[in-house]
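Listed features, source Swiss-Prot:
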- 68-109: repeat 'PFTB 2' (REPEAT)
- His190, Ala191, Gly192, Tyr241, Ser242, Trp243, Trp244: geranylgeranyl diphosphate binding site (BINDING)
- 212-253: repeat 'PFTB 5' (REPEAT)
- Asp238, Cys240, His290: Zn(2+) binding site (BINDING)
- 260-302: repeat 'PFTB 6' (REPEAT)
Amino acid sequence: MGTPQKDVIIKSDAPDTLLLEKHADYIASYGSKKDDYEYCMSEYLRMSGIYWGLTVMDLMGQLHRMNREEILAFIKSCQHECGGISASIGHDPHLLYTLSAVQILTLYDSINVIDVNKVVEYVKGLQKEDGSFAGDIWGEIDTRFSFCAVATLALLGKLDAINVEKAIEFVLSCMNFDGGFGCRPGSESHAGQIYCCTGFLAITSQLHQVNSDLLGWWLCERQLPSGGLNGRPEKLPDVCYSWWVLASLKIIGRLHWIDREKLRNFILACQDEETGGFADRPGDMVDPFHTLFGIAGLSLLGEEQIKPVNPVFCMPEEVLQRVNVQPELVS
């Protein structure tokens, strides 16, 4: 007897319309509750949290409601002497939070708030001989960090600062027989890693190295009867994979292979009608992370109330056009 498929049941009274105003209110109020338990406990990822909040507000046309000057001052205070940027004041710098900070500054057209040359040197210093990147000085290797490195440098116009050819070699060595990618060579394919690797290959103009049909099949297999997407086989659906899977399909030109209407219904069902925001699954607690990726997923599905989102950088297309960064996509 086969393993029962893991999925959720969407109730008949689940939300089926986009509650855009409530989502904007939810994000706008989130950062003002600095004494809340949830806010205090998320300090270790604060920089990414700000990126999630600002990006979703920009996609909804509500960026003006956020405190620009406070955010810029915070980012400036998080850059270390080594050039790297930390999640919060007093924390260690990391490539992930460095990318989040650069994305925020690009949104605000304020990249001069930080020392760009030091950021470039920091990223360059994390590349290893095999082309891979560590996330920080402690040395964890992961294809996520390869993406963070090239995305950061591309936004800064400094991609030539690293050994791009070796970086490409490492990412391609993480490609699996099923067309997907893992965090290191031989690791299991996972939608989050696939997003990072296809995004990396888009930035470095190497998408011709991907078997788009094989990978597209694997990604479409992530859709469950509920319409939601999971990150790998035998897992429950999660709104965040409405981004990781869908953006990957967009990058490789296979977005039309998914059942768009069923996915849209799943995403909408994950809204909280009272507080605003999106949860991972219908009925769960909402948070800014899932709110961004729910809204960004709906943008990829063509939701007209939301600005077009770039599938590689998860930023509004208009922002990438302003800074003249246009990664290659498969048509």
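Glycine too: its Cβ is placed from the backbone N, Cα and C atoms.
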* **Least Cβ-crowded entry, counting other Cβ within 10 Å, from the binding-site residues listed as His190, His290** => His190
* To do: Helix, strand, coil: count each for the residues of the repeat 'PFTB 5' (212-253), based on DSSP.
  => 20 helix, 2 strand, 20 coil
* Cβ within 8 Å of the Zn(2+) site's Cβ centroid: which residues qualify beyond Asp238, Cys240, His290? -> Val239, Tyr241, Ser242, Trp243, Phe278, Ala279, Asp280, Phe289, Phe293, Gly294
* Determine the minimum-neighbour residue: among Tyr241, Trp243, Trp244, listed as binding-site residues, which Cβ has the fewest other Cβ atoms within 10 angstroms? => Trp244
* Asked: In terms of Cβ proximity under 8 Å, which residues at least six beyond the ends of the repeat 'PFTB 5' (212-253) contact it?
  -> 3, 5-10, 178-180, 188-192, 194-195, 198-199, 202, 259, 261-267, 270, 278-281, 289-290, 292-294, 296-298, 300-301, 311-312, 314, 329-331
* Nearest-integer angstrom distance between the alpha carbons (Cα) of Ala191 (geranylgeranyl diphosphate binding site) and Cys240 (Zn(2+) binding site) -> 10
* Structure fact -> Cα-Cα, Asp238 (Zn(2+) binding site) versus Trp244 (geranylgeranyl diphosphate binding site), nearest Å, comes out at 10
* Asked: Other than His190, Ala191, Gly192, Tyr241, Ser242, Trp243, Trp244, which residues of the chain come within 8 Å of the geranylgeranyl diphosphate site, judged by Cβ distance to the Cβ centroid of those residues?
  -> Ile194, Tyr195, Arg222, Leu229, Gly231, Asp238, Cys240, Val245, Ala247, Ser248
* Asked: When a 10 Å sphere is centred on the Cβ of Ala191 (geranylgeranyl diphosphate binding site), how many other Cβ atoms does it contain?
  -> 26
* Sorry to bug you, but what's the C-alpha spacing from His290 (Zn(2+) binding site) to Ser242 (geranylgeranyl diphosphate binding site), rounded to the closest Å? => 10
